[in-house]
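One structure is given here, and the rest of the page talks about it.
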Amino acid sequence: MLVYIAGSGAMGCRFGYQISKTNNDVILLDNWEDHINAIKENGLVVTGDVEETVKLPIMKPTEATQEADLIILFTKAMQLPQMLQDIKGIIGKETKVLCLLNGLGHEDVIRQYIPEHNILMGVTVWTAGLEGPGRAHLQGVGALNLQSMDPSNQEAGHQVADLLNEANLNATYDENVVPNIWRKACVNGTMNSTCALLDCTIGELFASEDGLKMVKEIIHEFVIVGQAEGVELNEEEITQYVMDTSVKAAHHYPSMHQDLVQNHRLTEIDFINGAVNTKGEKLGINTPYCRMITELVHAKEAVLNIQ
């Protein structure tokens, strides 16, 4: 198969690197000039569990011409419409498009560009880091769940899961992936935005009595909105999952902290807490915590003059 990685940041590099070890062809797509040039000149430098430099083709999305068998979307959520516009030319009748973006509502965006027959939605707990242009730090293990959005095209989902398992990415075909997507979004909604606003680690947030109260209110808002949309969510189970995750990740600053506080980049808040607030408004459900957190993050972006 010819596999394109649409958005070759840390996670895109992980998937591209691991898939390149199989009998499939991989092309990385990105718009970051320094990253493109570094990989073209020196290869992708991988550190962490393995130390290796691999030659991988990389180009801008608009430069790709060869029809794809599989496209894995890893772009930032706010860049998704532009990416889909840029790669329209490589999407054929049977091209499979797998979305592994964090957050909620991406399937609605993707459907505007791609028939449902071609769309796969998924969620992953793999992690990765970028140490600079062309340098990916890959440590630890993960897994992912995926599902075909078209019930009549489950075979495509199983094919993609098989390919990802060849690359040791621990993929499972999931008959009902949407609750897992919401559960991960809820983890991000309780940790990412809050730690970014409070400038603290996950452990510091959860050690605070007020922090923990806020976390539980956020979980409740995610659950009631998700349930109103018909998603099977159990508040007790999700609360336990969030608590367990907070223990494992106690020393980490989450990715939104890196974006907002450390690197002064725009965040994906509109696709996490903001998505719950927007959905809640449409459903007549009040979500005061998600609304306030979204407004505070946007205010912080404005204060820092992030464009």
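All positions are counted from 1 along the displayed chain.
Glycine is treated like the rest: Cβ placed from N, Cα and C.
Together with Gly7, Ser8, Gly9, Ala10, Met11, Gly12, Asn102, Glu268, the NADP(+) site in Swiss-Prot holds one more listed residue from Ala128, Ala249, Ala250, Ala275, which is Ala128. Here Swiss-Prot has Asn102, Asn188, Asn192 binding substrate, and the candidate from Ser20, Ser255 in that same listed site is Ser255. Local packing around the binding-site residues Gly7, Gly9 was summarised as the count of other Cβ atoms within 10 Å of each Cβ; on this measure the leading residue is Gly7.
In this structure the C-alpha atoms belonging to Lys184 (active site, proton donor) and Ser255 (substrate binding site) are separated by 14 Å.
Annotated pair Gly9 (NADP(+) binding site) and Ser255 (substrate binding site), C-alpha to C-alpha distance, rounded: 13 Å.
Across the fold, the C-alpha of Met11 (NADP(+) binding site) and the C-alpha of Ser255 (substrate binding site) stand 12 Å from each other.
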